[in-house]
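Annotated N6-(pyridoxal phosphate)lysine per TrEMBL: K49, in sequence order. The annotation active site, proton acceptor is assigned in TrEMBL to K49, Y279. Taken from TrEMBL, the feature substrate binding site covers R146, M326. Taken from TrEMBL, the feature domain 'Alanine racemase C-terminal' applies to 258-389.
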Amino acid sequence: MSYEVSGRPDSPTPSVLERSAVIDLEAIRHNVRQFVAIASPAKVMAVVKADAYGHGAVQVARAALDAGARWLGVAHISEALGLRAAGIDAPLLAWLHTSESNFAAAVAAGVDIGISGWELDAVVAAAREQERPARIHLKVDTGLGRNGCTIDDWDKLLGKAMEHQDEGLLRVVGIFSHLAVADEPHRPETDEQLAVFREALAMAEDSGVDPEVRHIANTPATLSRPDAHFDLVRVGLGLYGLSPFDGQPSSELGLRPAMTVRTLLSNCKRVPKGQGVSYGLKYRTEGESSLGLIPLGYADGVPRVATGGPVRIKGTSYPVVGQIAMDQMVVDFGDLDPEQAAALPGSEVVMFGDGADGGPTADDWAAAAGTINYEIVTRISPRVPRSYINELAPVEGAAL
Ligand SMILES: Cc1ncc(COP(=O)(O)O)c(C=O)c1O
């Protein structure tokens, strides 16, 4: 593994050698290629919201487009504008807005805007002002109960959108929805949502809407429901090589986890039997023991509740013992030879990675924290510098 060194001893920039989230862009490209093959003839939208689930939106977006994704998706217009500012001009959809969202900038930057209802007037006003048609995707709530127009109001929204399209103020590029339980393939609600989606598409057709793309599938639906692919699938988690299915590791899906969070062991010291560890002294050593100190804590994004989560040091996995603190957590090496223990500071510690060597994974930390792998990678904080391996060399003069 090689790291880009972003810090110097005299620099306030943290060194990636001290701690880093290493993102393997070849793993991202591999995962995208898998989804391109699975979804074909439907196209792939790479979902890079929340800084690409913590992996770095610009780098992931470039890798995903390189590997065959045709679209990008984010939640916020501000996230979309960040990608445009980095020179990425692929089709790009943002779907979650407030009255403070910068619709004018989105229209100016050619960002597609998801519309659930009230946003339409604001977007049309921006398009009118700029004399540039907005690109919109109408969102229907097929059962998730979050964003999206209810099926009862759908006809009205379609009618209004078509009036504005006829005025030349917008183009309805897409119609979409989002699934609630696709990660639990046995549940009947996905069929119910797909039925409502088909009804919404039929109503759109009756209203004269002719979208380029109809889309509803997320990662689990892309993997398990070919009948949900339509024209485009919106893949987030799977791009990062993680499995959306409880109990099914990503290796069984042909995916490769892209993020490795690693650091260096800060300290290792011999302590007597009964030594309490960390705040609350909730853990005590069973005998004379060596305690290793890992300089990662909840300020770095390690869940505070995840005591027991594994870390890998010199080919062995150890559970974290005692309370996870803001900056640090502890492992108990037990009755390790004192000379060996003294040599451990400075050794690499892997919190999670691809698991290929039997090492810890984001799934292990999700289990320890009682959460999902989505949250484990996404919550790794900016205090952990990102570094990239297997980046493709930029092609001279090429624009994305
Ligand atoms: C609207 C929408 N589409 C697609 C996705 C991607 O979902 P997943 O990460 O399960 O692929 C998300 C993520 O939550 C989303 O909010």
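Heads up, the Cβ atoms here are built off N, Cα and C, so glycines get one too.
Projection of TrEMBL feature records onto the structure.
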residue	record	DSSP class
K49	N6-(pyridoxal phosphate)lysine	helix
R146	substrate binding site	coil
Y279	active site, proton acceptor	helix
M326	substrate binding site	coil
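Looking only at the recorded positions K49, R146, the densest Cβ neighbourhood within 10 Å occurs at K49. Regional average pLDDT for the domain 'Alanine racemase C-terminal' (258-389) in the model is 97. Using a 10 Å radius centred on the Cβ of M326 (substrate binding site) and all shown protein chains, the other Cβ atoms total 11.
A separation of roughly 17 Å, to the nearest angstrom, links the Cα atoms of R146 (substrate binding site) and K49 (N6-(pyridoxal phosphate)lysine). There are 11 other Cβ atoms within 10 Å of the Cβ belonging to Y279 (active site, proton acceptor). Taking the Cα atom of each, K49 (N6-(pyridoxal phosphate)lysine) and Y279 (active site, proton acceptor) are about 35 angstrom apart. Note: the Cα of Y279 (active site, proton acceptor) and the Cα of M326 (substrate binding site) are spaced 11 Å from each other.
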